[in-house]
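Inspection log for the structure reproduced underneath, given as structure tokens.
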Amino acid sequence: MVVCFILGLGSLVAWSSMLTISDYYYKLFPKYHPARVLTLVYQPFALGTIAILAHTEAKSDTRQRNITGYILFFLSTLALLVLDLATSGKGGIGNYIGICVIVAAFGVADAHVEGGMVGDLSLMCPDFMQSFLAGLAAAGALSSALRLITKAAFEKSANGLRKGVMLFLAISTFFEFLCIFLYAYIFPKLPIVKYYRTKAASEGSKTVSADLAAAGIQTEGSKGGEDDDQQQQILSKKQLLFQNIDYALDLYALVLIAMYNVWDLISRYIPVVECLKIKSRKGLMLAVLSRFLLIPAFYFTAKYGSQGWMIALVSFLGLTNGYLTVCVLTEAPKGYKGPEQNALGNLMVLFLLGGIFSGVALDWLWLIGSHEQF
């Protein structure tokens, strides 16, 4: 489970790093709304890529997909570091476009890794999914903590903001390299992982062949009519979607990000206590829909409330996000065969990214009538 936690950490630490150093990019590009533009660049690439990968999931090589994603995360994070060093931390439209290209690569990498890992872990023990999702939340919490530490460490030195960002990106690059090593050489050789992947292969899954080969296990070839009968029993993505449609639907700024990430991380461990976990589809659907009430809550808090109320509201947003994410993604695959669980995991991530993209697009509405950069 420790390996799954670190792999989850690496799935989001690169993008969390980009969001956490937004204060630096606002200093370099004050007129370009970097936080909103970079997010808007990231999401279409992530959403488009996961849509393609979800469609071709049954024929894809999960091992190659995940390794490609982690390598792309590593190279993109390193590219951010190199770009800043090469330009000596200067602004300008050329550098801004370069950062946008790197952010697009983050989106492609996220679609490869998050969808691939959720699909892969859907075949296995729910505790693995729990640890992976906790790692996703920890990426945000770790990024916020490291950013606060590096910002404070270099606050009084010359060009301290840039030095803190450079150290921060170097640490993120190391985490991505660690994930490449763990997934390629350690994870496939764990006995329990080999057991679940062998079981998935026996149920007709073709996506685990390369993973089993990496662990030294050879799968049998086609068995003619028996395999054909088995494939006919595997639900299509359309059937899976219809059966699970209910599942598919400054320092102050740094403190808000940190509080969201911390509570997001804590809440992902709440479902470990069985009596606190929502297992009912109707209950989960009601809880998810009730979060729409947070939209007017944020509006009135931003307009009339104090910073303390906003911090409390953001904390609640993180709390509900982490809790419901774990409940939905661990309950949805239950009752299906290996190939169906993998496909359903990809579909869940597709709709998750679709929701995030919608939020990013609607985020621009907050600029209407406002003269502020944020």
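From the backbone N, Cα and C atoms, a Cβ is placed for every residue, glycine too.
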According to TrEMBL, which stretch among 37-55, 246-264 corresponds to the feature transmembrane segment? 37-55
Counting Cβ pairs under 8 Å that sit 6 or more residues apart, are there three or more between the transmembrane segment (308-332) and the transmembrane segment (6-25)? no
Folded-back contacts onto the transmembrane segment (37-55), same chain, C-beta under 8 angstroms, at least six residues removed: 15, 18-19, 25, 65, 99-100, 103-108, 110-112, 114-116, 237, 343, 346-347, 349-350, 353-354, 356-357, 360-361, 363-364
For the transmembrane segment (132-154), distant same-chain residues with Cβ under 8 A (at least six beyond the ends): 4-13, 16-17, 19-21, 114, 117-118, 121, 160-161, 163-165, 167-168, 171-172, 254, 257-258, 260-262, 264-265, 267-269, 322, 325-326, 329
May I ask for the residues of the chain that lie six or more residues beyond the transmembrane segment (6-25) and have a Cβ under 8 Å from a Cβ within it? 34-35, 38-39, 42, 69-70, 73, 76-77, 80, 99, 103, 106, 109-110, 113-114, 117, 131-136, 138-140, 142-144, 146-147, 161-162, 165, 168-169, 172, 175-176, 178-179, 182-183, 187, 250, 253-254, 257, 261
For the transmembrane segment (166-186), which recorded stretch in the set 67-86, 93-112, 284-302 gives the largest number of Cβ pairs separated by under 8 Å? 67-86
